[in-house]
């Protein structure tokens, strides 16, 4: 019984950490600019349909930005989210 509770607690903690907004690069410095269509660019973690909607990282050599598909446990499927990540990371 104790091991089952430990496994469930670990799984719940993993879901909370992996689903956190900072995992999309929200803490990485980025430029919030007005797009040609008059709207502001979308910050990391926001829904998107194409990469041109997403805000770009200030350091474009180290970081890459764009719209990527990620699993959402809350919505029960894949969603497109703006994301900024380190170019050298295997998660990018």
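Backbone N, Cα and C atoms are what each Cβ position is placed from, and that goes for glycine too.
Under the DSSP three-state reduction, residue 41 (disulfide bond) is assigned to coil, being neither helix nor strand. When Cβ atoms from all protein chains are considered, those within 10 Å of residue 41 (disulfide bond) total 19, not counting its own. Residues annotated as disulfide bond in Swiss-Prot: 41-55 (among others).
Here Swiss-Prot flags 48-67 (among others) as disulfide bond. For residue 67 (disulfide bond), the number of other Cβ atoms no farther than 10 Å from its own Cβ, over all displayed protein chains, is 18. DSSP assigns residue 67 (disulfide bond) to a strand segment in the three-state reduction.
Residues or ranges marked as disulfide bond in Swiss-Prot (evidence: similarity to another entry): 54-82 (among others). Around residue 54 (disulfide bond), the C-beta neighbours below 8 angstroms that are at least 6 residues distant in the chain are 41, 42, 44, 46, 48, 65, 66, 67, 82, 83, 84. In the three-state DSSP assignment, the secondary structure recorded for residue 54 (disulfide bond) is strand.
The disulfide bond annotation in Swiss-Prot covers 85-92 (among others).
Swiss-Prot lists 1-19 with the feature signal peptide, giving sequence analysis as the kind of evidence.
Counted within 10 Å of its Cβ, the other Cβ atoms near residue 48 (disulfide bond) come to 20, all protein chains included.
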